[in-house]
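J.: Attaching a single structure in structure tokens format; questions to follow.
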Amino acid sequence: MGKVYDWFEERLEIQAIADDISSKYVPPHVNIFYCLGGITFTCFLLQVASGFAMTFYYRPTVAEAFASVQYIMTDVNFGWLIRSVHRWSASMMVLTMILHVFRVYLTGGFKKPRELTWVTGVILAVLTVSFGVTGYSLPWDQVGYWAVKIVTGVPDAIPVIGSPLVELLRGSVSVGQSTLTRFYSLHTFILPLLTAVFMLMHFLMIRKQGISGPL
């Protein structure tokens, strides 16, 4: 085992990386509220794991979506638990994200030189809410259907570009299969990819600049 470690150490300098991670200075004023960002990230990982598990059984069609969700809940081994974890961690992610934003704002963590860290955080907050909007419609029950109909109809009030925006969101004039397909693609591919990219940027900036000092 030692020879294997030495082989990797010689090429990747693993010990230097480990020392850098473990020796990062943590200011004495840091308390439990500074963990909210990490809790949000943990919830995101739970979302990815449980969501990936459900893609094996979920069918993104208006005719089969609701039945496939019912199948997950009643017939798939531990399916009810996987979906419940997905829902609970989604709610927890939104809650901890909001608390994290408030904590950063109230402690002045958005000030120079951390403006870009704040910007990436705000973008992540928007992406988190977008997860909720797109995921809410996927069971394609009455609640999900009318929710997506209302949400996609909001831009219609914008002059000139309102109607084209509604059609872009829905995939057609009315809510239907095209809408569900778009929301499924957003929820399972586009939003997770964007979130991963901005989280990486967010973490690298925090790593570079460190935790902000007290007010």
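Glycine residues also receive a Cβ, built from the backbone N, Cα and C atoms like all the rest.
If you look up Swiss-Prot, you'll see Cys35 marked as heme c binding site. The feature heme b 2 binding site is assigned by Swiss-Prot to His86, His187, with sequence analysis given as support. Annotation comment: Swiss-Prot describes His100, His202 as heme b 1 binding site. Annotated transmembrane segment per Swiss-Prot: 32-52, 90-110, 116-136, 186-206, in sequence order, evidence recorded as sequence analysis.
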J.: Quick check: of the binding-site residues listed here (Cys35, His86, His187), which one has the Cα closest to that of His202 (heme b 1 binding site)?
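T.: Nearest candidate: Cys35.
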J.: Between C-alpha atoms, which of these binding-site residues comes nearest to the residue listed as 'heme c binding site': His86, His100, His187?
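T.: Nearest listed residue in space: His100.
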J.: Between His86 (heme b 2 binding site) and His100 (heme b 1 binding site), what is the CA-CA distance rounded to a whole number of Å?
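T.: His86 (heme b 2 binding site) and His100 (heme b 1 binding site) have their Cα atoms 20 Å apart.
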J.: Tell me, how many other CB atoms lie within 10 A of the CB of His187 (heme b 2 binding site), whichever protein chain they belong to?
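T.: Its Cβ shell of radius 10 Å holds 21 other Cβ atoms.
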J.: Check the DSSP secondary structure of His100 (heme b 1 binding site), expressed as helix, strand or coil.
T.: helix
J.: Work out how many Å separate His100 (heme b 1 binding site) and His187 (heme b 2 binding site) at their Cα atoms, rounded off.
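T.: Rounded to the nearest whole number, the Cα-Cα distance is 23 Å.
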